[in-house]
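Have a look at the structure below before the remarks.
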């Protein structure tokens with residue numbers, strides 16, 4: 001099936017020339033190109049057109065999960081008839097296994113897996129193995145971490161056809177071999193159940209299940225069903241069932257792996273004993289023999305990824321298989337916000353190796369654990385045959401690798417200009433910020449505020465919320481799907497101000513935001529260098545009333561460079577608009593479009609806490625609230641009631657109860673006045 005781009009827009013501004021140049025580069029087999037596009041210039045739409053014209057399977061690599069979710073939503077809208085998948089780390093919480101030699105402290109691995117994201121990861125690998133070429137996978141840098149051998153995954157696929165002859169027990173055994181569990185109670189993803197001649201199986205990567213009805217040893221019918229009710233959706237001629245886990249292996253491979261593990265265990269024990277390190281020898285023998293016994297009994301063990309080299313048939317030091325190995329050889333790599341993503345990829349290997357060296361050295365793991373790792377940067381480059389680096393501020397690496405093949409996209413299709421920048425002193429900055437926020441709220445716009453520290457973000461959020469400004473705070477500890485939900489609510493107007501530290505820079509599509517406030521803009525460092533400032537300024541570039549305020553007592557070199565570059569682009573854009581008679585307009589997305597772009601958030605149905613609670617009720621306990629007049633307090637009660645009603649409507653009764661208690665506490669303050 002071919003890619004079929006669906007959009008009500010046509011390429012305009014710099015887009016047609018950019019698309020033409022990039023497509024020509026791909027067709028010439030140029031190994032690398034750079035798309036230097038300003039915020040809001042439609043870089044994602046440009047890349048969608050390149051994918052449409054080149055018809056290549058594409059991996060879109062993003063540096064954070066929030067941006068990956070947004071890109072996933074946009075590509076789903078552009079290509080509704082094609083396969084668009086999402087592949088990020090599935091850990092809500094992850095504490096890696098580690099050993100601290102100085103204190104003798106061993107830390108067990110601890111983790112919490114997000115089942116919805118695990119489903120999406122399996123869906124991505126299953127789609128890649130389906131043979132279709134019309135596939136886009138949006139991934140975070142977790143895609144360079146080791147996963148199962150794609151050949152083992154492919155060999156484990158179960159294919160059934162209506163009328164096929166197969167023994168029922170053999171069919172059930174084939175499900176068990178690819179890590180599906182038989183159940184008589186809860187029918188969940190990755191399980192199957194048997195009732196007489198009827199077998200129901202719930203794929204680990206889907207939201208629907210299948211019913212296989214047997215007549216003796218013949219597959220009489222295959223039906224797609226609703227998992228919860230068993231209601232038939234449609235009749236199927238065939239069923240292709242992919243494994244329930246990325247680390248799947250056949251029985252022969254398992255037995256062969258155990259044999260090699262035992263050989264390496266013997267060598268490691270002998271090495272420790274020669275060095276008279278008997279404690280380490282005893283530890284590695286006990287731990288490894290326990291793992292081997294688990295593998296023999298269950299087919300897997302805790303930490304089985306540390307033995308992945310044996311299952312994959314790799315030599316020591318040989319790179320692991322990763323998501324990229326599931327792609328065809330001629331795939332196209334798009335590195336979004338490459339100035340941040342590339343350094344992330346560089347850093348992955350070193351941090352992983354340092355931790356595992358101690359585990360091997362002190363007898364907690366065999367040396368094979370060192371080969372369960374992310375790719376080195378050289379390995380990543382070796383399998384990255386054709387790349388397009390996308391950034392408003394490309395770094396030296398991308399510019400050098402592309403050998404000057406830089407495609408500029410400065411003109412926005414909407415005619416929008418880079419925002420005006422104002423510098424204000426830090427004296428009375430909070431009062432000034434509050435005035436600016438109120439002005440923007442009256443216009444129906446949203447506001448982003450970026451601070452240098454988490455503590456300042458917390459305090460500012462509490463203050464703004466306390467004086468009646470609907471504010472949320474986003475930070476690195478907020479779960480991935482919750483972040484997407486927060487951004488969705490900002491865009492839909494559930495609240496007006498979003499405060500953050502380092503999550504409000506690259507790539508976020510927020511046309512409703514007309515004001516970006518940068519606190520402590522003159523504090524040179526990672527969060528206030530030229531690239532960071534240009535990216536942060538860009539958050540206000542999708543709105544015709546875009547404005548940036550830098551609160552600073554001096555103009556640093558980074559500030560000046562960011563202001564100069566923004567002014568250069570703004571002048572180019574103004575000249576283009578005057579030449580073509582274009583009036584800048586904000587492209588406000590409809591509610592349906594916003595819901596579609598943030599669709600991945602719908603996977604998450606759990607309670608959300610955006611501001612860390614410090615006692616109940618949070619607002620009424622704030623001393624600022626006690627100083628407000630009755631009119632302001634009444635407004636806060638009305639707002640709390642609306643929030644309570646909304647929470648109750650969403651069946652979020654814990655949150656509804658919190659708002660109810662807040663209302664009662666605020667009413668007590670009014671009564672006491």
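Backbone N, Cα and C atoms are what each Cβ position is placed from, and that goes for glycine too.
Matching 42-65, 66-89, 90-113, 114-137 against Swiss-Prot, the residues noted as motif 'Beta-hairpin' span 90-113. Within the same chain, residues at least 6 positions away in sequence whose Cβ sits under 8 Å from that of residue 37 (ATP binding site) are 14, 18, 43, 46, 390, 391, 392, 408, 409, 410. Around the Cβ of residue 43 (ATP binding site), the number of neighbouring Cβ atoms within 10 Å comes to 23. Sequence-ordered, the extra residues of this chain that approach the ATP site, with Cβ no more than 8 Å from the Cβ center of 37, 38, 39, 40, 41, 42, 43, 44, are 46, 392, 409, 412. Around the Cβ of residue 38 (ATP binding site), a 10 Å sphere holds 28 further Cβ atoms from the protein chains shown. Residue 43 (ATP binding site) carries a helical DSSP state (H, G or I).
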